[in-house]
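Below: the structure, in structure tokens.
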């Protein structure tokens, strides 16, 4: 019965890998895979470049960076280089009017003449002036100024509050200066903290070969201890409330969740849940201890692999630079597209009821270079209104932005896929080297990088496209959910939550499948679909080992990140807050306006560094694990088919390689 069941499992999840006498690690003689997808990806990138060129030709991001006066001239640029500040004739129009054009599109525009502060000319002066201060290149009145008597404005308090709110929202100059000063005084100490994070991450990974077993045991016992304490605490709370007679029947239903802490049923339910988790973990330790030992041995082997190929630890820098390029290109393209269009000018008069203005068509198009427009109408000006939405580029603006978003997701996912495939190729060459380190190829990381770019750009693009479509669907769903957030229909919200949960699970599964498919691509050089199928069936034939290794690795890497980030955070806090004394004059903490700023910067930098290092280690573990599973199915320990795994793994599995006779050498 057992043999028949195994045969059925083999049919469901594929046949075990057959022995191939020519296989010696990552295949060197390979051909290009997923050529059609490669061509589509390259054409898409070419189109993405064309979109960037079109955006650069038609866009004008100066309107976001610099203020403009009523004639459309930029303040602080060109002829107005020495006139950086914009003056509003009637600042209250900005506060009281609701027709303020989007800053992202046209800058801060108000229905009042605006001009460079030092170019006041005859008949173009404002009716009143207020003491003001510059904010984002614009002159805004002081909040404590006495307001003049103005027609149509009766509430001084409203105006003062409006000015105050406007200044608070725009004028971040003082804070920015203080932040810059803090970074200028503490940047070298931040670099020291990041260096400590790098050193701790590297030491943690390299020392795993020595302490992986005891560390995993301590972590598991720690989890058991936390659960045991939770059970004890829930029991004590339940016992006290039971003696008081506090029951949920007395409380009834309430939306105040904190009220449920005072009833015995809550603590009883928590006690049962924790007890079940404790029992499951104990059963796992008892019945899956062999697989836990295998997982620990693979972690040690991964530490050795990283130690033999230290260059892999710094490959995340390449990925980071490529990701930064992708994000910067998209951001600039989106900015230029958003600011595309020709400037439009219309006629405007401060008082249309004045004599001589009756025949003037207000808000009609005009040319600011034609002066004067109409001398009979006082205050008539040709003012800047905004940017034209006509034209091929402007009509296609939404589609071009969608193209850019798709390009952002696809390129980011492709860069991440490239990193995973390159690292997998390097670590696979380590595992399939029979005599380590003698048989490890020279420059394995560079070889894997060139091999991946040359042959598998299309396969990486295929996997990245599948993930991109799911992520785009999630973004659209989040947008719809945001728009429908005010709807109080519980059925609709439940359906939306279900859809979001399903897409989240689908994205996680595709990431898992892609990751293992890239490992198989790096080893065998087959296309994406075949590699994904082979990886999935191989993992399903060893599903228990997969789960155990995954959870043990997650637990270990979580502890590593906690150690690195927590250690750097604590050291940064004590140093930058001045709590560490007696370090000498050269090591005295700098005087800072916001001491939490370098602390948070150090913590975030430490997290990024730890994540980069541990992502390499995690990829190493996954690659060695797939190679280990293939090694078990491909070889049997004989002279012709020896195992490539380490002696510790052979010992755990109770296997060994057959020793060759003294007068014979193993065939290469």
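These residue numbers are counts, starting from 1, taken along the chain as shown.
Backbone N, Cα and C atoms are what each Cβ position is placed from, and that goes for glycine too.
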Correct range for transmembrane segment (source TrEMBL, candidates 165-186, 187-208, 341-362): 187-208
Most Cβ pairs under 8 Å with the transmembrane segment (215-235), selected from 35-58, 267-288, 517-536, 596-629: 267-288
Beyond the flanks of the transmembrane segment (455-477) by at least 6 residues, Cβ under 8 Å: 30-42, 405-406, 409-410, 413-414, 416-418, 421, 496, 499-500, 503-504, 506-507, 510-511, 514, 517-518, 521-522, 525, 527-528, 531-532
Leading contact stretch, 187-208, 314-338, 414-434, 596-629 vs the transmembrane segment (556-576) - CB distance under 8 Å: 596-629
Long-range environment of the transmembrane segment (35-58) - Cβ separation under 8 angstroms, sequence gap at least 6: 329, 332-334, 336-337, 340-341, 391, 393, 400, 403-404, 407, 410-411, 414, 457-459, 461-462, 465, 528
The transmembrane segment (187-208) vs the transmembrane segment (314-338): 3 or more CB pairs under 8 Å: no
Beyond the flanks of the transmembrane segment (414-434) by at least 6 residues, Cβ under 8 Å: 23-26, 41, 301-302, 305, 308-309, 312, 315-316, 318-319, 322-323, 326, 440-441, 444-445, 447-449, 451-453, 456, 460-461, 463-464, 514-515, 518-519, 521-523, 616, 619-620, 622-624, 627-628, 631, 642, 644-645, 666
